[in-house]
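Here's the structure, in structure tokens; my notes come after.
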Amino acid sequence: MLENKANPTINKSTGLPRKRFYRARAHSNPLSDSHFPIPLSPSHVDYSLHYPQLFPSSDQINGSKIQFADIGCGFGGLLISLSTLFPETLMIGMELRDKVTEYVKERISRLRVANPGQYQNISVVRTNSMKYIPNYFEKGQLSKMFFLFPDPHFKEKNHRRRVISPHLLHEYAYVLQVGGIIYTITDVEELGEWMKSCLENHPMFEALSLEELEADPAVKLLSTATEEGQKVARNGGQTFQAVYRRIVPAS
């Protein structure tokens, strides 16, 4: 069992890391240059570093690939919830802030120790998803991408920093399989309208029907699984969702 008696960063009752020791700015500039290792291509992603029980060595390939990506995963709440909901699916959180990434790594590590056999299918990587998505995922590899409470970048001159944009949707469409789904949610109405408009006007995406939304278990987690969503709920705030499916555009 991981030792936490003399470690103030660990909550004694839960055995999990304390967020206050990993706090960082709410958002980072995605256009700035950060220094961290980037795989040359999806084939260079070392699954043994992320899923050691499932991939004991970097040379071992069992045919499984990452299918879910949580973009800007924050403190990992969605990943943790998705892990038990889809235990056979590999998924990864992508986070730019280094302290937050370290928190999620520690959280996953301790959950694995406390729950043998569980949480082996999730991991996190520090990276800039606005720049390096194609370095991690092959064409049509993903079945779900999540964008929960992203930075709204209110100023018009900073809209180019938004993680949902017409340009970036081309990249997301490339790594999503046909039928794959993009999930977005925000508590900023203007940003919600922006994300919905970008998806609605893109030829490779179509909205899910109300029946499909109600039947999708992942939709239910959008407003409840993350720290941001829970804060909005406590304050009685409103959220704005846009959930769209990757399609083959009409010729």
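Cβ coordinates come from backbone N, Cα and C, glycine included.
All annotation found in TrEMBL is predicted automatically rather than curated by experts.
Remember, predicted model here, so these are calculated numbers, not experimental data.
What TrEMBL annotates here:
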BINDING   Gly72, Glu95, Leu96, Asn128, Ser129, Leu148, Thr226, Glu227, Glu228  S-adenosyl-L-methionine binding site
ACT_SITE  Asp151  active site
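Annotated features, which come from TrEMBL, shown on the structure.
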residue: Gly72; record: S-adenosyl-L-methionine binding site; CB count, 10 Å: 22
residue: Leu96; record: S-adenosyl-L-methionine binding site; CB count, 10 Å: 22
residue: Ser129; record: S-adenosyl-L-methionine binding site; CB count, 10 Å: 25
residue: Asp151; record: active site; CB count, 10 Å: 18
residue: Thr226; record: S-adenosyl-L-methionine binding site; CB count, 10 Å: 25
residue: Glu228; record: S-adenosyl-L-methionine binding site; CB count, 10 Å: 20
Maximal Cα-Cα distance (Å) across residues annotated as binding S-adenosyl-L-methionine, namely Gly72, Glu95, Leu96, Asn128, Ser129, Leu148, Thr226, Glu227, Glu228: 21
Subset of binding-site residues (Ser129, Thr226, Glu228) lying within 10 A of Asp151 (active site), CA to CA, in sequence order: none
